[in-house]
Amino acid sequence: SCADAYKSCDSLKCCNNRTCMCSMIGTNCTCRKK
């Protein structure tokens, strides 16, 4: 399974070969294009 947004990048697989990035450590994480 994959996701488009999450609260943490730990063990998060992003859809469409995107990279998980957080605005702050452990919060507001989103999957963005590389």
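Each Cβ is built from the backbone N, Cα and C atoms, and glycine gets one as well.
From a predicted model like this one, the values you see are computed outputs, not experimental measurements.
Cβ neighbour count for CYS15 (disulfide bond): 10 (other Cβ atoms within 10 Å of its Cβ, all protein chains included). Swiss-Prot lists CYS2-CYS15 (among others) with the feature disulfide bond, giving similarity to another entry as the kind of evidence.
What Swiss-Prot lists as disulfide bond is CYS9-CYS20 (among others), and the listing cites similarity to another entry. All chains included, 19 other C-beta atoms sit within 10 angstroms of the C-beta of CYS20 (disulfide bond).
Sequence annotations record features per position, and here Swiss-Prot assigns disulfide bond to CYS14-CYS31 (among others) based on similarity to another entry. Cβ-based neighbour count (10 Å, all protein chains) for CYS14 (disulfide bond) stands at 21.
Taken residue by residue with DSSP, CYS22 (disulfide bond) is part of a strand. Annotation source Swiss-Prot lists disulfide bond at CYS22-CYS29 (among others), citing similarity to another entry.
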Checklist line | Among CYS2, CYS14, CYS29, CYS31, which are recorded as disulfide-bonded residues, the nearest neighbour of CYS20 (disulfide bond) by Cα | finding: CYS31
